[in-house]
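Enquirer: Can you read through this structure? Questions will come right after.
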Amino acid sequence: MITAEKKKKNKFLPNFEKQSIYSLRYDEMQDWLVQNGQQKFRAKQIFEWLYEKRVDDIDDMTNLSKELREVLKDNFTMTTMTTVVKQESKDGTIKFLFELQDGYTIETVLMRHEYGNSVCVTTQVGCRIGCTFCASTLGGLKRNLEAGEIVSQVLTVQKALDETEERVSQIVIMGIGEPFENYDEMMDFLKIVNDDNGLNIGARHITVSTSGIIPRIYDFADEDIQINFAVSLHGANDEIRSRLMPINRAYNVEKLMEAIHYYQEKTNRRITFEYGLFGGVNDQIEHARELAHLIQELNCHVNLIPVNHVPERNYVKTPKEDIFKFEKELKRLGINATIRREQGADIDAACGQLRAKERKVETR
């Protein structure tokens, strides 16, 4: 729930007349009900309507009194976004472009795997991290999303899956934006979707990825939550990583690795390193050896990413044979590594591409 204190801490949060009902954690809903003269147990009924029955209107919550429904309508909205574009790939990947209440647009992607359906969610409108290979940063950062706007992305995808009696089985927070720059709303989102009364998606089926906001890595390590953790690394030395990710100038590789070691010591959980391969930049055998040396003491996995071409960027794809050689060298050196399967190559698949193509309000 967005409080005055939260708004003071997070200047990039929106200032809507009514906040999303999906922004409330279960405990916050209970507290709000009591503060408004209602019975605490109504929280369970409301969450059932929101996350199990997935109604679109507060008036559809028929086991609530008319008085309570009116109070809810006076204080909250259920409409946080509308679908503007829905692109479906030959491989079943679906990319959604949503328009928010203030006209900004965000992307969400449904990816189908043998093991289930994964949703990639966005945490910010735009991004200020400035990765030189990413379309998401082209328009800069406009604002942070409320927790409810992040929840609504998953719910909208789930409602689409309801038509074929499927369910969202995994969530990855790897869409537009840097999750750790919207930390409190991201944490509320995680608690809502993980809650037994919410979407009840297991913590081990949710992954958060960061570009390396070091103070927040320490905070995340201290959270009592079993969420999977990934780091966008892309370079094993400061020269290459700073070229690809300017944030490395503020949080260099040495300091980043110190934070990652702290995280693993505190949580005893495996870490995933996202490593995009860029032709002629970071994709040679010597780069694989340098990467292996950097992470050899960690319980980790390397996810090698054949990068999607972004028209506004100049990077080229690494040839397939070089990708396989890179993976083979990591494995020879004892590093667990896999190559990410390319999905949605025919539908503006790179993060931020669809939004960049359709963006109107943001570019005024």
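Just so you know, glycine gets a Cβ as well, placed from its N, Cα and C.
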Enquirer: Where Swiss-Prot shows Gly177, Glu178, Ser232, Leu233, His234, Asn308 binding S-adenosyl-L-methionine, which of Ser118, Ser152, Ser209 is named for the same site?
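Expert: Looking through Ser118, Ser152, Ser209, the residue Swiss-Prot assigns to the S-adenosyl-L-methionine site is Ser209.
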Enquirer: What's the longest C-alpha separation between any two of Gly177, Glu178, Ser209, Ser232, Leu233, His234, Asn308, the listed S-adenosyl-L-methionine-binding residues, in angstrom?
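Expert: That value is 19 Å for the farthest Cα pair.
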Enquirer: Translate the DSSP assignment of Ser232 (S-adenosyl-L-methionine binding site) into the three-state scheme.
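Expert: Note: Ser232 (S-adenosyl-L-methionine binding site) is in a strand by DSSP.
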Enquirer: Within the domain 'Radical SAM core' (113-346), what mean pLDDT does the predicted structure show?
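Expert: Across the domain 'Radical SAM core' (113-346), the average pLDDT comes out at 95.
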Enquirer: Through the lens of DSSP with three states only, how would you label Glu178 (S-adenosyl-L-methionine binding site)?
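Expert: Where Glu178 (S-adenosyl-L-methionine binding site) sits, the three-state DSSP reduction gives coil.
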Enquirer: Going by C-alpha distance, which of the recorded positions Glu107, Cys120, Cys127, Cys131, Cys134 is nearest to Glu178 (S-adenosyl-L-methionine binding site)?
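Expert: Of all the candidates listed, Cys127 is nearest in space.
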